[in-house]
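Feature annotation from TrEMBL assigns domain 'Major facilitator superfamily (MFS) profile' to 27-454. What TrEMBL records for 31-52, 64-81, 93-112, 124-148, 169-191, 197-215, 268-291, 311-331, 343-375, 395-421, 428-449 is transmembrane segment.
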Amino acid sequence: MKLLQQDIESRPTSCDKLWSRQECRLWTANLFLGTCMLYAARVALPVCATVIAHEYSWNKNDAGTVLSSFFWGYACTQIIAGHVADRVGAEKVLRICTLTWALLTFFTPLLFDLSYSTNHPMLFIIIIRSATGVGQGFSSNTFLLAAFHLPSMASMTSRHLTSFDKGRILGICLAGSHLGTALAGAVGSILLETFGWRALFQCVGLMSFLWWALLRFMLTSRNQSSDLDDGKSDESKAPLVSGLRKSFSNSSSENVVPWNTLLKHRSFWAAAVAQYCGANAYYTLFSWLPYYFADTYPDAKGVIYNVVPSLAIVITAFFAPFIATSLFVYVHSLTLTRKLMEGISLSAIAVCLLISTQSMSFSAALFTFTLAMAARGFHHGGVSVNPCDLAPNHTGSVFGVFNAFSAITGFVGVYLAGYILHETGSTWAYVFIFTSLQCFIGAIVFSLFGTANRII
């Protein structure tokens, strides 16, 4: 009953039409593919990190700094990204930012080469990857503009779906991130051995540009169709982006996010803590697993350890929203559903990381980390979609805040891992224990104070 009431309160206005079933399928597939390309671009550097480090003579501290530096800019843009997506329209933001990061991904090898023609190459690379001003032009890093993708997607799905569908569809779209990681790992390992690391960035950049062209074509076609619309409210003919064009034609007072109410609520902070702890584990593994396997098992094939863990999380992340829906039908509590999904995710990751501190064979290590990454997939039925529950009318803004917490772990956790490895002579156990403890903390906090009830 509470979910039904929330659904009625948060239904799109006349300016924000619900997607028809066909439009829902179309946009789910399209956003899934876009998120796939986004993360393929993001994971390109970790896949190539060991080769690039060897070519440019980086130590682990240098590698940790470079791997974490893009999160500096990413974190700074997340809150404003969600706000812009909610106010300006996710359609417009997605179209502009996708073209930008696609082109910059393609030209990343050139930027790296140019940086080493300067007197301070490392500083130049860090500045490129951590630039925080949108107006910095060509100096802005690839992922600075990509930071707008996820909040824009959250805003778009929130405005055109019922509360019952929001979490499931957003979770499916977010699962594309892990498919992108797996594809970049598989294709990247092959390209790395055959053509070198530069080919991976160029391949991913080209594929991302093709997705941008598809997105632009689809939006243009729908806009033209919308211009010819006779104004009737037949759901099957509802213009796909009409809500995005008109979504803020109402008074501006309706669009103000009540931050005071949100920030004073302990359930918001519980979700933020869980988001931080889970993201710290994910980004640490995301960035450092190729290094770990190359260091510990130098004879192992990169195409195996770069792909298998990512494939596991693709499967669990895709099915997590459906599992959460089935669990909700069984327990009749969305809050309990979110807590169970997030608790399973964080606790299982923590246990796997503790197990990984023991000496083991390559197969055992691969299996352990595959389980850890698979467990992360259940997050997409938990805190990952919690912004849809907490703030159904301000999902983009709240999702941006949550993503900022995730990004903070990117530059803190990833850098600290590199620092610990550098100072301890590559003792990986310290990194895994430190990360595991944070996962346990996140699971406990969210289980005690988390909620799926609407706050604002």
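Heads up, the Cβ atoms here are built off N, Cα and C, so glycines get one too.
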Selection from 31-52, 93-112, 169-191, 197-215, 311-331, the stretch that has most Cβ pairs under 8 A to the transmembrane segment (268-291): 31-52
For the domain 'Major facilitator superfamily (MFS) profile' (27-454), the mean pLDDT of the predicted model: 81
CB contact flag for the transmembrane segment (93-112) and the transmembrane segment (197-215), at least three pairs under 8 A: yes
Closest-packing stretch to the transmembrane segment (169-191), where packing means Cβ pairs under 8 Å, from 31-52, 197-215, 311-331, 343-375: 31-52
